[in-house]
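> Before I ask anything, here is the structure I am working with.
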C-alpha cells in the first residue's frame with residue numbers, strides 16, 4: 001500500500017475515482033492529504049438517569065442524544081471533557097481499491113481537540129459525509145465553526161480492489177450514504193443481533 005501524494009490526489013479527483021464534494025479552495029489539498037471542514041450539525045449525549053448504555057437493550061440510542069444545527073458564523077463551544085458527534089462538510093466517495101484515514105489537524109490537537117475516538121479508518125467503496133467523534137481533552141472551552149478546516153483525509157492504494165467493498169449487499173455497511181452525524185448503530189452488528197454469538 002502507498003499513500004497518495006498531492007499530485008496523485010489531484011489526478012484521482014480529476015478522473016472522478018475519488019470524490020470530495022465540494023472542494024472550494026485548492027489550498028485544501030496538502031502534500032499527502034486533503035483538509036476537510038466541519039459541517040453545521042452536532043449531536044451530544046443528554047444527561048439521563050440510566051446508569052449506562054447497553055447495546056443489548058431495546059432503547060433507541062438516538063434517544064440518548066440531542067441534536068443542534070449551528071447557524072452560519074456562529075460557534076459550537078465544546079467544553080473540557082465533552083464529547084460530540086459532528087460531520088464533515090464534504091461528501092466523500094472512495095473507489096474499491098482505495099482506503100482512507102481521517103486524522104485531526106495538528107492545529108486542533110494543540111488546542112486539546114481530537115477529531116475521532118476510534119473511527120478514523122474509511123473502507124473502500126464508502127460514500128457519504130464522515131462522522132467525527134470530537135472530544136475536548138484540554139482545559140479550556142474551544143469554539144468550533146462550521147466551515148472550519150478541522151481534519152485531514154489521507155488516501156492509500158490497496159494491493160488489489162476489494163471483492164466486497166463497503167456498500168456491497170453482503171457487507172455490514174450501516175453508515176453508507178450518511179448525510180449528518182450518525183449515532184452508533186451497534187445494535188445492528190451481527191454479533192449483537194445474534195445475542196453475542
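Any Cβ shown, glycine's included, is placed from N, Cα and C.
A quick note: this is a predicted structure, and the numbers were derived from the prediction, not measured.
Copying in the features that Swiss-Prot gives for the protein in this structure:
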type	residues	note
BINDING	105, 106, 107, 108, 109, 110, 123, 131, 132, 133, 152, 166, 174, 178	dCTP binding site
SITE	120, 121	site 'Important for bifunctional activity'
ACT_SITE	133	active site, proton donor/acceptor
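Tell me about the surroundings of these features in the structure.
Residue 152 (dCTP binding site) carries a strand DSSP state (E or B). Around the Cβ of residue 152 (dCTP binding site), the number of neighbouring Cβ atoms within 10 Å comes to 19.
The Cβ of residue 120 (site 'Important for bifunctional activity') lies under 8 Å from the Cβ of 101, 102, 103, each of which sits 6+ residues away along the same chain.
Annotation for residue 133 (active site, proton donor/acceptor): spatial neighbours 83, 85, 114, 115, 116, 117, 118, 119, criterion Cβ-Cβ under 8 Å with sequence separation of six or more.
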> Tell me, how many other CB atoms lie within 10 A of the CB of residue 123 (dCTP binding site), whichever protein chain they belong to?
18
